[in-house]
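Here's the structure we're looking at; comments come further down.
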Amino acid sequence: MSFEGARLSMRSRRNGTLGSTRTLYSSVSRSTDVSYSESDLVNFIQANFKKRECVFFTRDSKAMESICKCGYAQSQHIEGTQINQNEKWNYKKHTKEFPTDAFGDIQFETLGKKGKYLRLSCDTDSETLYELLTQHWHLKTPNLVISVTGGAKNFALKPRMRKIFSRLIYIAQSKGAWILTGGTHYGLMKYIGEVVRDNTISRNSEENIVAIGIAAWGMVSNRDTLIRNCDDEGHFSAQYIMDDFMRDPLYILDNNHTHLLLVDNGCHGHPTVEAKLRNQLEKYISERTSQDSNYGGKIPIVCFAQGGGRETLKAINTSVKSKIPCVVVEGSGQIADVIASLVEVEDVLTSSMVKEKLVRFLPRTVSRLPEEEIESWIKWLKEILESPHLLTVIKMEEAGDEVVSSAISYALYKAFSTNEQDKDNWNGQLKLLLEWNQLDLASDEIFTNDRRWESADLQEVMFTALIKDRPKFVRLFLENGLNLQKFLTNEVLTELFSTHFSTLVYRNLQIAKNSYNDALLTFVWKLVANFRRSFWKEDRSSREDLDVELHDASLTTRHPLQALFIWAILQNKKELSKVIWEQTKGCTLAALGASKLLKTLAKVKNDINAAGESEELANEYETRAVELFTECYSSDEDLAEQLLVYSCEAWGGSNCLELAVEATDQHFIAQPGVQNFLSKQWYGEISRDTKNWKIILCLFIIPLVGCGLVSFRKKPIDKHKKLLWYYVAFFTSPFVVFSWNVVFYIAFLLLFAYVLLMDFHSVPHTPELILYALVFVLFCDEVRQWYMNGVNYFTDLWNVMDTLGLFYFIAGIVFRLHSSNKSSLYSGRVIFCLDYIIFTLRLIHIFTVSRNLGPKIIMLQRMLIDVFFFLFLFAVWMVAFGVARQGILRQNEQRWRWIFRSVIYEPYLAMFGQVPSDVDSTTYDFSHCTFSGNESKPLCVELDEYNLPRFPEWITIPLVCIYMLSTNILLVNLLVAMFGYTVGIVQENNDQVWKFQRYFLVQEYCNRLNIPFPFVVFAYFYMVVKKCFKCCCKEKNTESSACCFRNEDNETLAWEGVMKENYLVKINTKANDNAEEMRHRFRQLDTKLNDLKGLLKEIANKIK
């Protein structure tokens, strides 16, 4: 039966008790902390590892020369060897153990490859050998052992088989596995070594692949070079020669294996000597208990077989008897195909049936075997097939990247689940499938209807699924009873944020926090730092970090789901974060918070690819927020609007609107539901149906407010105070406040212009004093905004203009009031005039309220940035031309003013068409210049001996032409193209851009005091006095945070949870519909192809 067929035919297991393992399975094994010196290694090897020498010479009657049955000549035996006649040779009787003399490092000549090797007796204890590998050769404890067998002779490797081997090596590298092979440079072992080499080079991994070759010492060619000299007591490096042209039956060692174990039984030229020791080592490792293993506390081992003959068959037989699962590659030929074909037989297996398969797949081999040997083969095959659960077959033609790993994991699972000791260890089985990411097996075989899982049973595997980024398993555990709220204890979160949190991410987060310094980034950084502070306490060099703690330590315990979501988001765990997001409360807020974090981190990441991934994930969460809010708004507008202003301390105390704006999520802000909410804020209690001209008219004729000209969204409760309520509702509307401010500002500009043009005297008159008072009110308002916004105040261009205008005005007052001389008075007036420009340009801000003019302001702002970069390019041409022109025409001009005019000013004017007239000698006018340089004229050009201009016209005129061509045509058109691109970008998102900018205007006037200018100054004085009083009395705010605990919040979040489920159902339905549509299209295409094929056949028949 094939791998897929066997997998589908497995029956569900009955319930059992969960075993427990102390630690989680890790793909990176732990190596011993004990370090050994070279002398300790030599002493250990010489004390525990032996070689075998034949001590009885038994002549081989079949040999032509005087050769012992051990394979060595008599001269090659040690001194004192006894001579026997016609006695059957046995290594236990006729050989003796001596301390090994071949071990150390092996250097393959001309290839530069190094590895370790050891000659050891075939009776070496497996425990001692394992100790050598792990503690003295410092190999990490394997998480998996893959024993590869088959095809010991040279053969042409098929491309499909090479791909399978490549995937096998990748699995070994990623899982921290050992690969065991025959270790020679022939057949399968040679190809395995080449794939190991290619993967090591291409992946450039710090974790080297461990490939252990176990070969027979007596079959190794050039083995004399491996023997140490008698005086070599320490480190020894053998220079091994790989002679591929040798024709003797001996093998050369493979240069791509990292470790070589050369098994010695005292004979020469006898193959398969190493099989016994290899089988014992595999069995020992498979039975060895490891704390890091997911295989019931044991190290998993699997036999991987392809092709092969007698020895491969024996190796598979031995593995099956040792309860080691085997993966057989069907299509690789020989014994592997025999086993694959017999696995699929459902009838009773008979000897004739087995022999038929042998003859079919190994005709030449079977024809040369005696009948007794064939019976042995049949017996071994029957023994193998008595344990079909230990056999997994994959087809070579269908073996893709995932098939090999799935086959290995499936083989391990079948062996584990059918083992008498482990078949009820559901926890161990689940860990195994989790490690290999086999979700389907876990769903079909473990999470069945006949077993009920407790939340505590799944907590350990849930933690593993989180750190290994297994989102599908996380979802599976949640669907089967895991309580995420109970699972996320403070200890679990501390482990996640400290041990399983990237240091690079933490540094980027700290950089972002310092660069942008907003509430969310500060909160998240403190959250992470709070979990990591135990590690910082060990670093005394950074004591300032010890003070980084959350003000409320219980915050993370109140919002563990949000903390876990932040952990996943910061590390770009895309699918995992989506699973966790579905479990959180306040999903809309969480999605916008994720978008904000990811976009901010993307700005500080040096890796372009990582930054792009963060941007992509941020856009996905913005889309989720948009779609979920649309779902909510279509169901209930009022509750959806409550979601917009719902804030949570887990997201820095920000609400949805604030996070969306900070993340520049224009798509979210442009949603109809959000815009309707902003419109309600903008008009306040005034009905949106009221025409704007009616509101403006009521500003000038106030009694009309109570005459019904303006309609309101609701009626006053107290009818006796109806008129008062109308006036209060009208004048507290942000739109009315805005309109009144516009009227006031226009009046202010008119007064400013009147003072500058008609009433500016040495002693200020009444209009000018009123102007000072109005500017003081504006100054108070800017101080209030700065106090409320803090550092973020200067991130707004309009605030920068306001500040600049006020400072200019103060400077103008200083000069203007210092009127002891006319020069100072004039300077003050000039400053006032320049300041008037700033105040007038500030009027542009009011146009953002217009749907048509608002985007145009954005275009102007972005085009100013284009002009800024354009000036850098233009400056290159301008300075190059200006300096060259001045140097050619004039000599030693000392006046900086005229140098500036000639080098900068005149070339700048040339861009607008004013051609320089001093580059043509025929039109040069000496009356407009000076030779002495002491007049208010430019310096005349240098003259020659004939009193004619010295400069060569064949240089100056072409120079002007080239400059005019470059600036007036190339650069100006480049600027026009830049403007066109900028306008196009804004125009594409015209509506979104305006709606996004509208938010700032609405919030600005919603946060203002609802008192008309300039009377608001009295409210400012009141606020200052109140603040001073609080500071003097040292009043403290004792209100505790009620975040997420108010009834209205709980009701809103519960309703949002229902809407979220509806939204997820729609997404999944849409995805299924798309998949079904694709399948339908493929079926239609297949039908058309079949019809076309039939038509072509008919045409071919007609032609014939």
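For all residues, glycine too, the Cβ spot is worked out from N, Cα and C.
What Swiss-Prot says about this one:
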BINDING   GLU782, GLN785, ASN799, ASP802  Ca(2+) binding site
COILED    1067-1104  coiled coil
INTRAMEM  896-912  intramembrane segment
TOPO_DOM  1-733  topological domain 'Cytoplasmic'
TOPO_DOM  759-765  topological domain 'Extracellular'
TOPO_DOM  790-796  topological domain 'Cytoplasmic'
TOPO_DOM  818-822  topological domain 'Extracellular'
TOPO_DOM  849-853  topological domain 'Cytoplasmic'
TOPO_DOM  891-895  topological domain 'Extracellular'
TOPO_DOM  913-953  topological domain 'Extracellular'
TOPO_DOM  985-1104  topological domain 'Cytoplasmic'
TRANSMEM  734-758  transmembrane segment
TRANSMEM  766-789  transmembrane segment
TRANSMEM  797-817  transmembrane segment
TRANSMEM  823-848  transmembrane segment
TRANSMEM  854-890  transmembrane segment
TRANSMEM  954-984  transmembrane segment
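When other Cβ atoms within 10 Å of the Cβ of ASN799 (Ca(2+) binding site) are tallied across all protein chains shown, the result is 16. Long-range Cβ neighbours of ASP802 (Ca(2+) binding site) (same chain, at least 6 residues apart, Cβ-Cβ under 8 Å): LEU778, GLU782, ARG842. Across the topological domain 'Extracellular' (891-895), the DSSP tally of helix, strand and coil residues reads 0 helix, 0 strand, 5 coil. Tertiary neighbourhood of the topological domain 'Cytoplasmic' (790-796): same-chain residues 517-518, 803, 1000, selected by CB-CB distance under 8 Å and a gap of 6+ residues from either end.
The helix, strand and coil residue counts that DSSP assigns across the topological domain 'Cytoplasmic' (790-796) are 6 helix, 0 strand, 1 coil. In terms of DSSP secondary structure, the topological domain 'Cytoplasmic' (849-853) contains 1 helix, 0 strand, 4 coil.
The recorded stretches the transmembrane segment (823-848) and the transmembrane segment (766-789) do not share 3+ CB pairs below 8 A when only pairs 6 or more apart in sequence are counted, and are therefore not in contact.
Sequence-distant contacts (6 or more apart, same chain, Cβ under 8 Å) of GLN785 (Ca(2+) binding site) comprise TYR793, ASN799. DSSP labels the residues of the topological domain 'Extracellular' (759-765) in these numbers: 0 helix, 0 strand, 7 coil.
Long-range neighbours of the topological domain 'Extracellular' (759-765) within the same chain, counting only residues 6 or more positions beyond its ends whose Cβ lies under 8 Å from a Cβ of the stretch, are 772, 816-817, 819, 825, 829, 832. Mean model confidence for the topological domain 'Extracellular' (913-953) is a pLDDT of 70.
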